[in-house]
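What follows is one structure encoded as structure tokens, with my remarks underneath.
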Amino acid sequence: MGLDGQQRDAAAGAGTGAATAASTAAGPGGPGDGTAGTVPPDTAAAGTAPQRAGPGGGGAGPSRPPRAGEPGWLQRVAELTGTEPRRPELFLEALTHASYRAEHPDTAGADNERLEFLGDAVLNLCVTDHIFRTYPQRPEGELSKLRAATVRAETLAVTAQRLGLGELLRLGRGEEATGGRQRPSVLADAFEAVVAAVYLQEGLEGARAFILRTLGDEIRRLAESSGACDDPKTALQELSRRLGLGEPSYRVIDASGPEHDPRYTVEVRVGGRPLGQAVGRSKKVAEREAARIALADLEEPAAGAARPAGDAGAAGSGASRAGEEPAGR
């Protein structure tokens, strides 16, 4: 073989070696495995080389968030829970769906069903305690409705999706293919399982902190929307306290009509500013309607800021007559 032939063979050999190395690096299997995409990304163990697989787990594709057990997943857990996962096995279990265990029976650890069972109880306790202390004027029936609305699967699924919890889940191929990462029941169960993992690692106070950090705004929104319909005076009191405006005050500014059919005009002030007037056949009815007007004003700060303070009462006065004739006949 001449010199030119030796050079060509050497170059070809080098190219083959580079291609083999690149294939091995691209494949999700162990050393020497050049078949990219033969192992689903969910089975990657912590400490393996970072993957750049598509959502289905096959072939090279755009980068995606890590699944539980893949490099970087514990950092994602810390970001979403607000606590360092010192017991990673708990969070790996919380993020493992039963479909994954069914397809990988030799994988260490269990699926998240037991943790979901525990998390459901912890969630109910923490939410119940929070709304009991936060809304002391609400009767038992309203508290029960508020708790049910907070812990229902739809609310938990939306919260889990907002946190990006679905991206961390380890799912079986069938569950993955049918949209399991976006399925509300899967997301809600995973959220409860993560609550349990936080509880087992951090105790009840740690679980409470996680729950209120992720669900606190939704609890307030649900409380205000239900309170505005059922008891606007209590809802206004709770909102004004939270805004640092003190207690609302009510006063009758006009009483008219015959004794058997009176009309009362009531004004409500919050933080010293008149926010609404309403007319009713009783003081109680007028106060409720005035509170409803003030509540709408406080819930729309942009509209409230645009309206002159002196006009707030007049605007409220024209907005509500509780279905009755004007006062001052």
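Cβ coordinates come from backbone N, Cα and C, glycine included.
Curation does not apply to TrEMBL; its annotations are automatic.
If you look up TrEMBL, you'll see ASP120 (among others) marked as active site. DSSP assigns ASP120 (active site) to a helix in the three-state reduction.
According to TrEMBL, the feature active site maps to GLU192 (among others). Cβ neighbour count for GLU192 (active site): 26 (other Cβ atoms within 10 Å of its Cβ, all protein chains included).
In sequence order, ASN112, GLU113, GLU116 are the residues of the chain that are 6 or more apart from ASP189 (Mg(2+) binding site) and have a CB within less than 8 Å of its CB. The Mg(2+) binding site annotation in TrEMBL covers GLU116, ASP189, GLU192.
The domain 'RNase III' annotation in TrEMBL covers 74-203. Taking H, G and I as helix, E and B as strand and the rest as coil, DSSP gives the domain 'RNase III' (74-203) the counts 98 helix, 2 strand, 30 coil.
For 231-300, the entry in TrEMBL reads domain 'DRBM'. As a whole-number mean, the pLDDT of the domain 'DRBM' (231-300) in this prediction is 89.
Here TrEMBL flags 1-71 (among others) as region 'Disordered'.
Marked as region 'Disordered' by TrEMBL: 297-329 (among others).
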Handout entry: Cβ-Cβ neighbours of GLU116 (Mg(2+) binding site) (radius 10 Å)
Key = 19
Problem - CB-centroid shell, 8 A cutoff, Mg(2+) site GLU116, ASP189, GLU192, site residues removed - result: ASN112, GLU113, LEU115, PHE117, GLY119, ASP120, ALA188, ALA190, PHE191, ALA193, ALA196
Exercise for the section: Report the DSSP secondary-structure composition of the domain 'DRBM' (231-300) as helix, strand and coil residue counts. Expected result: 28 helix, 24 strand, 18 coil
Exercise for the section: Give the distance between the Cα atoms of ASP120 (active site) and GLU192 (active site), rounded to the nearest whole Å. Expected result: 6
